Amino acid sequence: MQKVITIDGPSASGKGTIAARVAATLGWAYLDSGSLYRLTALHAKQNQITWTDETAIAQLAATLPVEFAGQTVLLAGNDASQTIRSEHIGMGASAVAKLPAVRSALLQRQRDFLTEQGLVADGRDMGSIVFPEAQLKIFLTASAQIRAERRAKQINVPLSGCEFEQILADIEARDEADKNRPVAPLRQLPDAKLLDTSNLGIEETVAQVLAWYEKSK
Ligand code: CDP
Ligand code: CDP
């Protein structure tokens, strides 16, 4: 068994927030695997490479000039922490993540995040491909409406009106794209625990993950 907790689930279900908090509480390392796909999409865009060019993008992914420094992520020396969070780059991440050569280019890079202390890893194939022997696997979810509200709050958009409707539509579109793709589709693994956070706050969610971890020891 690996000293790893994996957290997967749809967009804005709280994966990043919960994974980072659990890692901080346990004193473990944290891997935001989605950021690597987002950085790959951004780097491709900056190099005028289309998100469907598998060979070129896999090459970029293998040599991604990225550095993580606390909350900041540098791409080729420039702070990309905010740029990679846009829904446009999210769609790009979803597109490049469909390409098998890109996934294998990022595989070892992700495994290198595991330290002796332990690792909390969030993202699609963490429990199935990257860390199949993880001690605890969580599938975090919430209704699309609640997830859209969380995203809207993050970027100060009112919770009604056309801007909000667009966020909701984007979330639903990415859910569909991620669920229906043949490579690493979004779904709950048979050995993952389901945690619906539609009516759960951040602290309660973290507490549930930690309780499951204690039990898994
Ligand atoms: O936070 P959110 O779910 O919106 O996105 P993310 O975790 O940053 O991931 C962005 C996109 O990258 C997702 O829609 C997935 O298609 C893809 N991804 C993946 O395929 N495998 C991972 N391990 C992480 C992300
Ligand atoms: O990583 P992912 O896209 O799954 O979600 P996130 O970026 O961690 O969370 C999206 C937003 O939802 C953040 O602003 C969190 O603070 C918020 N959130 C929440 O309000 N309640 C939760 N139980 C979990 C997250």
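Using the three backbone atoms N, Cα and C, a Cβ is placed for every residue, glycine included.
Source: prediction; values computed, not measured.
According to TrEMBL:
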- 5-213: domain 'Cytidylate kinase' (DOMAIN)
- G9, P10, S11, A12, S13, G14, K15, G16, T17: ATP binding site (BINDING)
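Shown here: features listed in TrEMBL, placed on the structure.
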{"residue": "G9", "record": "ATP binding site", "Cβ contacts under 8 Å, 6 or more apart": "K15, I138, F139, L140, T141, L186"}
{"residue": "S11", "record": "ATP binding site", "Cβ contacts under 8 Å, 6 or more apart": "G90, R147, R151, I171, R174, D175, D178"}
{"residue": "S13", "record": "ATP binding site", "Cβ contacts under 8 Å, 6 or more apart": "L140, T141, A142, R147, T197"}
{"residue": "T17", "record": "ATP binding site", "Cβ contacts under 8 Å, 6 or more apart": "I202"}
Practice problem: Run through the Cβ atoms and count how many others sit within 10 Å of the one on K15 (ATP binding site). | Solution: 27
Self-check item: Average model confidence [pLDDT] within the domain 'Cytidylate kinase' (5-213)
Solution: 95
Quiz item: Taking the center of the Cβ atoms of G9, P10, S11, A12, S13, G14, K15, G16, T17 at the recorded ATP site, which other residues in this chain have a Cβ no more than 8 Å from that point?
Solution: I18, D122, L140, A142, R147
Quiz item: So which binding-site residues out of G9, S11, T17 are up against ligand 1, CB under 6 A?
Solution: S11
